[in-house]
């Protein structure tokens, strides 16, 4: 078990590491050559235009900042990150980014008062008892200030029961306040937001096939009949996955061709050579420029043939379409209502914004989605189960006493003062961090298999899997495995009735492990993130070998996004640790608060200067964040119930039963009160925004704006073909149909295209 000295060593290592990382970052960001790496957002917005000084070859000043005075203010970026007001930040980076930052502030609002109450009330109660001194359970100085030090049946446990209710009430109050605030911000953002295609567009799935009509005509007819005043046009979805692969392959070959052409231009001696095998490592040696030119020509021919096949083959058209309307009100009515008496066809939902669409999954048959989700659920369960093995190994690192007994020859090395502190205070958290490093990519792959249609949905789904993975493997597995390692001998010596008592003491003792994890993952790693080492290296390699134009240089910047699929679970895990241990071991709270404050400043800087979001969902993810914090409260209450039962507090333990009931009632109140704001768009809001648009832009041509908004990216270079296939160039008076029963389709509005909002 880690002692205060071990934690001191770990804290020193992480603080020094973080300080070094910040110094390196401060130096790198001041260099003109790195401006596009550390301030790409401003280049994308056009505030910084043209080539920066570091982008051009020439004097030393174009690469290195020789003004020594600027290095004296290496922490000014923190002050600058906090200067931008929230309203301006929303306009600059979007509501998603601002609400993401508010999660850190919510953590501070919750945990700072809990820390103060914990240290003022619970720590004195804990430290003045003597359970550890009686010898019933082993512990360190940290355990003496935790619930571990409270004796069985002690009346002091009443203080913990009362504070549990106080802590739960405060957390729920802050959650309610934040939910209300975020819902208000969402409505304000949507009301003030500029016109976007997804505001007028609905995604339609399970379109029933008609043997007498092409699918685009069938969709057109259905919506003209059922939404005659507001329906505008539709875009049928093509299964273009094979074409997309060819286009991606061609882009890869083009990058290699650009590289070798630039190499040849610079050297201007002999033509570059390459091998035809994988990555040019083996195979026949050939002229590189000619080889990649021939490859591009061949792929281009294949892509042209495939594109023609997709456009002309009716089997390539999917029973899925983006349907656009003349007004937001019309789109809201369609997206939020049932279209026919059969609820399994003509399924409508709001369309993601065009850049949020995950085109590959549009070809997944709707009836497969349930089976895919069941399959992935089983796969995630197996992944969680088998991942317990490395987590258990990590826990063994935190129990050096057992290792010394089994491997006695290592005792002289392990017992060295600094090495032992390093192994117990730093290595377990680092090892767990490394084990979790590659997991998000695997979980994202699983989410793609599930069939989600938007990048935002993929990130939310991945973050959910990652969160529950960490709840089971990082929290519960660490507690259970740690308890087994640390109390193994006691388990065998005591009667079965004593096992709950042992676990009641072991659960609080795992706080030291989580403290080391927080320092590694939340202190040093955050400081390392701001350095952007990988984007820095990639940018300079591209700038050295591939960049020829300003457009190339812009593509080389790679600002990236916050990566909600990984940062959300990390934050939610800290909420879990903070809520669970706020009563058991309040000593953990200062470490979490330092992380939240530091991460808020770092990521605010990144949001302002670096991140370029892939999409804007107007904080649609917030209900998921709220729900997982509720889960944290329930886990805390269940854990405390077990701990109090182990303490044989027969009088006070039953009172904890009211906490889960209170929490669940609060959850359903918030769900019914606020969640609809994140799932539906009120017709009142839609009509209000339509009226404003009609007054400010009376002659706006909505069809021109919308008709190619949801074109598949691989068809962007053939818009004329897509116009012929997907949209009517001119709106006819009657719907063309072979069915006599449909020949009386209502005519469009008298104004036709003249007034885009005419009902």
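Including glycine, each Cβ sits where the backbone N, Cα and C put it.
According to TrEMBL:
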DOMAIN    7-178  domain 'CSC1/OSCA1-like N-terminal transmembrane'
DOMAIN    199-361  domain 'CSC1/OSCA1-like cytosolic'
DOMAIN    372-644  domain 'CSC1/OSCA1-like 7TM region'
REGION    719-759  region 'Disordered'
TRANSMEM  6-28  transmembrane segment
TRANSMEM  103-123  transmembrane segment
TRANSMEM  157-176  transmembrane segment
TRANSMEM  374-398  transmembrane segment
TRANSMEM  418-439  transmembrane segment
TRANSMEM  466-485  transmembrane segment
TRANSMEM  573-603  transmembrane segment
TRANSMEM  651-670  transmembrane segment
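Looking just at the domain 'CSC1/OSCA1-like 7TM region' (372-644), the mean pLDDT is 78. The stretch in 6-28, 157-176, 573-603, 651-670 that contributes the largest number of Cβ pairs under 8 Å to the transmembrane segment (103-123) is 573-603.
Only sequence-distant pairs (6 or more apart) were considered; of these, fewer than three Cβ pairs between the transmembrane segment (573-603) and the transmembrane segment (651-670) are under 8 A, so the stretches are not in contact. Residues 106, 109-110, 113-114, 117-118, 121-122, 125, 147, 150, 579, 582-583, 626, 629-630, 633, 636-637, 640, 644, 647, 649, 652, 655-656, 659, 662-663, 666, 670 of the same chain, all 6+ positions outside the transmembrane segment (157-176), place their C-beta atoms under 8 angstroms from a C-beta of that stretch.
Residues 157-158, 161, 164-165, 168, 172, 175-176, 179, 626-627, 630, 633-634, 637-638, 640-641, 644-645 of the same chain, all 6+ positions outside the transmembrane segment (651-670), place their C-beta atoms under 8 angstroms from a C-beta of that stretch.
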